[in-house]
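Colleague: According to Swiss-Prot, the protein has these features:
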type	residues	note
BINDING	L74, G105, L124, S125, K126, L127, T128, L129	S-adenosyl-L-methionine binding site
Amino acid sequence: MLKITIITLGNKMPDWVNSGVNEYAKRFHDGIQIKLIEIPLLRRNKSSDLARILEKESALTKDALPANARLIALDMLGKSFSSEELALRLTQLQQISSHLCFIIGGPEGLSNEILTLCDERWSLSKLTLPHPLVRIILLESLYRAWSIINNHPYHK
């Protein structure tokens, strides 16, 4: 069984986000287990020391990392994939690890410490995406790749 953990920094999401996440998570059948770990954002204001906040959020993220998982940072500068390329990459990764962990940063992104810990960096888009949508786009992209791998009609 493939385990997918998504660690995300963010505050309580609106119902439509949770509905989207739940919809894609339940579409994966018995072969894939999805787990979402939400780390609350630290308070920010105009006088906040963003470097210090990033350092603290980095420590919280590090504490949440599952042991023996392949760590994949979502980062604008990461590698981007077509749906078919992503399906191929997932097939390759399943032979390397049975646990993939995707990390979604906060408004300032991920710290260099977290990026260095990661085995890979992927980009969903060159656009800056709102954090609520990133969760849904990631799960939809993974589901689409899964449907390609399994010849499921969803992709076409």
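Cβ from N, Cα, C; glycine included.
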Colleague: Work through the binding-site residues one by one (L124, L127, L129) and point out the residue whose CB has the fewest other CB atoms within 10 angstroms.
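Modeller: Looking at the binding-site residues L124, L127, L129, the Cβ with the fewest others within 10 Å is that of L127.
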Colleague: Specify the count of other C-beta atoms within 10 Å of the C-beta of G105 (S-adenosyl-L-methionine binding site).
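Modeller: Step by step: centre on the Cβ of G105 (S-adenosyl-L-methionine binding site), count other Cβ atoms within 10 Å, giving 23.
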Colleague: At a 10 A cut-off on CB-CB distances, which of the binding-site residues S125, T128 has the highest count?
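Modeller: Comparing the binding-site residues S125, T128, the most crowded Cβ belongs to S125.
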Colleague: With a radius of 8 angstroms around the mean position of the C-beta atoms of L74, G105, L124, S125, K126, L127, T128, L129, what other residues of the same chain does the S-adenosyl-L-methionine site pick up?
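Modeller: After dropping the recorded site residues, what remains is M76, S123, V134.
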Colleague: Checking the spread of the S-adenosyl-L-methionine site as listed (L74, G105, L124, S125, K126, L127, T128, L129): what is the longest Cα-Cα distance, in whole Å?
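Modeller: If we measure all Cα pairs in L74, G105, L124, S125, K126, L127, T128, L129, the largest is 15 Å.
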Colleague: Under a three-state reduction of DSSP output, how is T128 (S-adenosyl-L-methionine binding site) classified: helix, strand, or coil?
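Modeller: For T128 (S-adenosyl-L-methionine binding site) - judged by DSSP and reduced to three states - the answer is coil.
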Colleague: Helix, strand or coil at G105 (S-adenosyl-L-methionine binding site), per DSSP?
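Modeller: It is coil.
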Colleague: Counting other CB atoms within 10 A of each CB, which of the binding-site residues L74, K126 comes out lowest?
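Modeller: Lowest Cβ count within 10 Å among the binding-site residues (L74, K126) is K126.
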